[in-house]
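Asks: The structure is given below, and queries will be raised subsequently.
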Amino acid sequence: LRLPRALAGFACGALLALAGALLQVLLRNPLAEPYVLGVSGGAAGFALVAMIAGGAWWLVDASAFAGALVSVGLVLGLARRELWRGELRDASPRLLLTGVVIAAGWGALVTLLLSLAPDARLRGIIFWLTGDLNGVATPWFAWAALALATGVALPAAPQLNVLLRGDATALALGVPVARLRMRIYLVASLAAAAAVTTAGTIGFVGLVVPHALRLAFGNDQRMLLPAAMLAGGGGVMAADLLARTVIAPAQLPVGVMTALIGVPVFLWMLLRRPMR
């Protein structure tokens, strides 16, 4: 009875950690992750509309992915000049600021939808928004997205290592920077959409896990990306176990537990080694 829940937790954690690691290396900014850039907020907003409208499961999945793509399109569109005509280092602050504003907009939309949601569905929706694995029966969509994201991201790891040296160096070494950047953004949005659709908003996984692994193993993407997926998946499974047992027989949303763990861990990492 617990196997689908455990499989869903592992897949969601792996997807969020992979998305965070990819966005951080593309933007060369340690604060980049699906929530900061609004990807997860867009997925949650669109999925919530489908849920309130009583849409089927496939419509919720499609809506979440569409919301993630809308967020990515907005962020890239508003920062297109710096992103495509100059060094990514110059575009990173604008991308992050744009993402923060878009995420705030999605947050306002979610609040509005919650105020309009029927009372009978409100508790379930709130649990889903805070990260809940309780209702997951068949997490095939998350695993299909994980397989696709893995198949695209891991072979691109050597090119991502070159991209970390700068766009000019990457172009000189034959890396198709524009195509690589767009492909990885789309993979990150798919990963975030699948995770949000399956379990709602599970915070801090995409931010803390890549940081911790980078401190432990360095910034080689050939090792960091698969390690992030394994650590993210295992971390969410452990957090879900704690959420089910810490105040048993009552249960906490897994997103609450990841936040309770992630905040002190991230602050500890900042004190040990400030971000550069």
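Backbone N, Cα and C atoms are what each Cβ position is placed from, and that goes for glycine too.
Pulled these features from TrEMBL for this protein:
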type	residues	note
TRANSMEM	6-27	transmembrane segment
TRANSMEM	34-58	transmembrane segment
TRANSMEM	64-83	transmembrane segment
TRANSMEM	95-117	transmembrane segment
TRANSMEM	137-157	transmembrane segment
TRANSMEM	184-211	transmembrane segment
TRANSMEM	250-271	transmembrane segment
Asks: Report, as numbers and ranges, which residues of the same chain sit near the transmembrane segment (6-27): CB under 8 Å and 6 or more residues beyond its ends.
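Replies: Sequence-remote neighbours of the transmembrane segment (6-27) are 33-34, 37, 39, 88, 91-92, 95-96, 133, 136, 139, 142-143, 145-146, 149-150, 153, 160, 163-164, 181, 184-185, 187-189, 191-192, 194-195, 198-199, 202, 205-207, 209-210, 213, 219, 221, 224-225, 228-237, 239-240, 254.
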Asks: By a Cβ-Cβ criterion of under 8 Å, what residues six or more beyond either terminus of the transmembrane segment (137-157) are in contact with it?
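Replies: Result: 4, 7-8, 11-12, 14-15, 18-19, 22, 61, 180, 183-184, 187, 190-191, 193-195, 197-198, 221-222, 225-226, 229.
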